[in-house]
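Asks: As annotated by TrEMBL, compositional bias 'Basic and acidic residues' applies to 47-72, 165-174, 541-565. According to TrEMBL, the feature region 'Disordered' maps to 47-174, 541-576. Annotation comment: TrEMBL describes 107-122 as compositional bias 'Polar residues'. What TrEMBL lists as compositional bias 'Acidic residues' is 126-138, 150-164. Per TrEMBL, the feature repeat 'WD' maps to 178-210, 279-321, 340-360, 374-408.
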Amino acid sequence: FFSPLVADAEMLGTSDPELAATMGFSGFGKKARTFDLEAMFEQTRRTAVERSRKVLEAREREKEDQAEKEFRIPCTDSSVSASSAARPGSTLTEREAVCSESEDSSNEALSGPSMQAQSSAKGQAEDTDGDDDDDDEFIGPPLPPGFKDSDDDNDNDDTEEEDNNPVKKIPDSHEITLQHGTKTVSALGLDPSGARLITGGYDYDVKFWDFAGMDASLQAFRSLQPCECHQIKSLQYSSTGDVILVVSGNSQAKVLDRDGFPVMECIKGDQYIVDMTNTKGHTAMLNSGCWHPKIKEEFLTCSNDGTVRTWDVNNEKKHKSVFKPRSVQGKRVIPTTCTYSRDGKLIAAGCQDGSIQIWDRNMTVHTKFHCRQAHASGTDTSCLTFSYDGTVLASRGGDDTLKIWDIRQFKKPLNSADGLPSFFPMTDCCFSPDDKILVTGTSVKKGGGSGKLFFFYRETFQKLYEIEVTDASVVRCLWHPKLNQIMVGTGNGLAKVYYDPVKSQRGAKLCVVKTKRKERQAETLTQDYIITPHALPMFREPRQRSTRKQLEKDRLDPLKSHKPEPPVAGAGRGGRVGTHGVTLSSYIVKNIALDKTDDSNPREAILRHAKEAEENPYWVAPAYAK
């Protein structure tokens, strides 16, 4: 199809270039550019080979430098070389070879009088010899081969000692106290990064603390009452830290965002339906709740209506699934605490009949693991928590015990500790970040001593350590794995943070170093400014731009900056009557004394102005003149 066109174009291009250009065929006369693919591949291959050769050479050079560093110390010391002569010949020859190479290089760099002087100054020579990448530069005489740096030894000893002694890992050398209120701090939550702490209490308040934004005055940056007049039972950040689950004394759990604004509220169930599966939500007071560790939209709640329910943040109209714990007789039993396993596949609940019941998350009817007599019947199991490795479950009972279980052999506990009084239905227990220590708090009656934080070794349940927190019960405890700091909520409205300046990261360390911000006097003297945007211009107040500027202006105004005269003490002076008391008679005497008008002769008082009126008429005369 194109051949006649091409022929015509070539003909036109050769015969008449102007005509070809006019008709648009001028481009056909050029030859197409040809690419030699073989040559291109060959060039690419050569480049790759050259690059790989350079990389190999650089690696070999690094290895040689490393070997030279390792053998430099034995070579430079004459006494060591003498002792090494007794060793096998193979190693000696290698070391001699390396030494001779390094000596040659040092001979090039230095011009010394003798070999001994060269060997003594060899350390310096090698430093100037282009061995700049060596981090461990030696100053002074070389060290013997078996010598280790004392600092390294100390560090190694410290780490070994810490491994042997778990008490050294507890960060309790320093503490700060956050004043939540006057009533029990019943809920604590830290976001996954450890930047923000939230506290909730029996005073219905939820307070937000930002470690990076706080100064040494340790004030919360926000306080709110998300559930009106209901005690806060549990607070927890989601796995991503963008939303907060609030479980309170009512039947509807709430989800707030990071700044405390509501995201969703669970629906209330119909309390007249007997079968709890057919209601859309809880019908009685909530006891506990927590987020799914992997799925960021899912959370779990348990309630006095005898159910454990899972929810989706995006669907507040109905729960996802319902788990109904049952007693030995098959009757309904109230779950007092609930939690997910670390992988989120299991759901565990501690019940009022003393049992711990564990379900597969996807199988709502029958329990997967079950322990009927985990704690004393009729007591509130206040906390269940899985270890970080996921094999062990710890339970804090209302029968003053702390137990640890292997869920695969769920008949009897691995270990148990008793004599740990608990008066609160949310007394916590938690594992240390390395999974070796278990922590819980104890309750005390008013005036009955100090509430303590106990640390138990997980393997043997031996009591390792205790901290006297305050003269009230220790309710909540939280050991954050990233910060390595321990948060404690107490029965007298305090939230304490224990940390170690060396072992801990960020958190409380950020705010204690900041000085308190000085309160400017201008801020204390400001008056409330009433904004009336639709007022008439004559009633409209000028907008206050800055309180400081306004105060400076007021100081220049003699009326506004007039200092009030102090009250006269004793006898009156300067025309002012002394204060004789606050009686009516003394008030009248004072006012009579201040009145300077002369009402004795009214005719004279009027005629006093007669001359002025005659000379300069203003009112009557001008009117009659016109």
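Cβ coordinates come from backbone N, Cα and C, glycine included.
From a predicted model like this one, the values you see are computed outputs, not experimental measurements.
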Asks: Across the repeat 'WD' (374-408), what does the pLDDT come to on average, as a whole number?
Replies: 88
Asks: The repeat 'WD' (374-408): which same-chain residues, six or more beyond its ends, come within Cβ distance under 8 Å?
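Replies: Tertiary neighbours of the repeat 'WD' (374-408) are 336-343, 346, 348-356, 358, 414-422, 424-431, 433, 435, 438, 440, 456, 458, 461, 481.
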Asks: Residue counts in helix (H, G, I), strand (E, B) and coil for the repeat 'WD' (374-408), per DSSP?
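Replies: Within the repeat 'WD' (374-408) the tally stands at 0 helix, 14 strand, 21 coil.
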Asks: Looking only at the compositional bias 'Basic and acidic residues' (541-565), what are its DSSP counts of helix, strand and coil residues?
Replies: 10 helix, 0 strand, 15 coil
